[in-house]
Amino acid sequence: MQSWSETAVPSVPGQGPPLRLFDTADRQVRPVTPGRTATMYVCGITPYDATHLGHAATYLTFDLVNRIWRDAGHDVHYVQNVTDVDDPLFERANRDGEDWVVLGMRETALFREDMEALRVLPPRDYIGAVESIGEVIEMVEKFVASGAAYVVDDPEFPDVYFRADATEQFGYESGYDRATMDTFFAERGGDPDRPGKQNPLDALVWRAARPGEPSWPSPFGPGRPGWHIECSAIALNRIGSGFDVQGGGSDLIFPHHEYSAAHAESATGDRRFARHYVHTGMIGLDGEKMSKSRGNLVFVSKLRGEGVDPAAIRLGLLSGHYRQDRPWTEQVLADAHTRLQLWKDAAALESAQSATDTIARLRQHLADDLDTPKALDALDGWARRALDNGGSDTNAPTEFAAAVDALLGVRLRRP
């Protein structure tokens, strides 16, 4: 699948401290220590609707990780999937009387436009679930052969399920107790009451063909992949086991990331799918989580269509810490516009005080678990001092603009 176009990233003299991120599995902030090539997998969209601000906040978070690694001199192998074969896509297509393939292609194209407008650096591998079906089938065959998965006793719909106890370490990624797992499994796409399952938490890895649904041939009969195994297969076949960061929203901690890890670990025998599990908070509107079911989504494309500067959207979402649930309000957007203009005015000066210390603070705050509130405050301080007091360093405004562009993805000057 085609990704979106990459924007140029300026180089900035110097280097920041090593990146530290909160790891969901270990419940602590700890160093991320990639090799020469840093590796990251971030779960992508199910393309049945436009990109809302909750999506955007997640992809902006991991764009910062990408930029910090690049700033440190790493090559970055970033993989993102598109869940272009799944129940929500079929349900929306049926509701609207539209072909599910056409719907998925249109919304994926709109997502790419939104990411490009927000200046999110594209993944090296952008993979649709449909493209990975052969890889999923190979994994499911391995599970069935090893006893990690079984076919339910249902002649009409012989689905294949992965045993939740197939790995000893199941549950380490989320740290949830059984009651919490049961609740989230039922609420987030699981089917605990499916007749024939041996454990309510066993996860679907191959769904036998149903009338009106697409299907592909397999040794277990025609069908299509389950949700979690798609990400396991895509990641393992691009960046292998033990990659540096797996990312997504906090609503993916369980079941999605728990099962993606368990599937991969069962297939490889490794103890840990990713070295770091990193999750973003939810974006809310009027005190509620932004979600399709509540009908309170704010879409990036709609804001762009209203003439909102994508850089202001980006700054508004970066104004809060990525791990916190936080609101989106008109005031957040207004403050972002004000901040953007402040920085642009400072970057347009012919000279100012040195920006070296401020750039060092920017790097330091971002390396400290992506502390964007402190990073943005440091940049505000330099910009105000530059505008109020001037300075004799003719390189400072250019260096300031380059650092903001490279590390935060916000362009202050026309190319």
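Cβ atoms here come from the backbone N, Cα and C positions, even for glycine.
Per Swiss-Prot, the features are:
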{"type": "BINDING", "residues": "Cys43, Gly44, Ile45, Thr46, Thr58, Asn81, Val82, Thr83, Trp227, Gly249, Ser250, Asp251, Ile283", "note": "L-cysteinyl-5'-AMP binding site"}
{"type": "BINDING", "residues": "Cys43, Cys231, His256", "note": "Zn(2+) binding site"}
{"type": "REGION", "residues": "1-20", "note": "region 'Disordered'"}
{"type": "MOTIF", "residues": "45-55", "note": "motif ''HIGH' region'"}
{"type": "MOTIF", "residues": "187-192", "note": "motif ''ERGGDP' region'"}
{"type": "MOTIF", "residues": "289-293", "note": "motif ''KMSKS' region'"}
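The structure, with features from Swiss-Prot marked on it.
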| residue | record | DSSP (3 states) |
| --- | --- | --- |
| Cys43 | L-cysteinyl-5'-AMP binding site | coil |
| Thr58 | L-cysteinyl-5'-AMP binding site | helix |
| Val82 | L-cysteinyl-5'-AMP binding site | strand |
| Trp227 | L-cysteinyl-5'-AMP binding site | helix |
| Ser250 | L-cysteinyl-5'-AMP binding site | helix |
| His256 | Zn(2+) binding site | helix |
| Ile283 | L-cysteinyl-5'-AMP binding site | strand |
Residues within 8 Å of the Cys43, Cys231, His256 Cβ centre (excluding the Zn(2+) site residues themselves): Asn81, Trp227, His228, Glu230, Gly248, Leu252, His257, Ser260
CB within-chain contacts under 8 A for Val82 (L-cysteinyl-5'-AMP binding site), separation at least 6: Met1, Gly44, Ile45, Thr46, Pro47, Gly104, Thr108, Tyr126, Ile127, Gly128, Ala129
Densest Cβ neighbourhood among Cys43, Ile45, Cys231, Ile283 (binding-site residues), 10 Å radius: Cys231
Protein Cβ atoms within 10 Å of His256 (Zn(2+) binding site), excluding its own: 22
Whole-number Å value for how far Cys231 (Zn(2+) binding site) lies from Cys43 (L-cysteinyl-5'-AMP binding site) (Cα to Cα): 7
Ser250 (L-cysteinyl-5'-AMP binding site) and Cys231 (Zn(2+) binding site), Cα-Cα, nearest whole angstrom: 16
Spatially closest candidate among Thr58, Trp227, Ser250, Ile283, the listed binding-site residues, to His256 (Zn(2+) binding site) (Cα to Cα): Trp227
Residue counts (helix, strand, coil, in that order) that DSSP gives for the region 'Disordered' (1-20): 0 helix, 1 strand, 19 coil
Candidates Thr58, Trp227, Ser250: member of the binding-site residues with the richest Cβ shell (10 Å): Thr58
For the motif ''ERGGDP' region' (187-192), the number of residues DSSP places in helix, strand and coil: 1 helix, 0 strand, 5 coil
For the motif ''KMSKS' region' (289-293), the mean pLDDT of the predicted model: 68
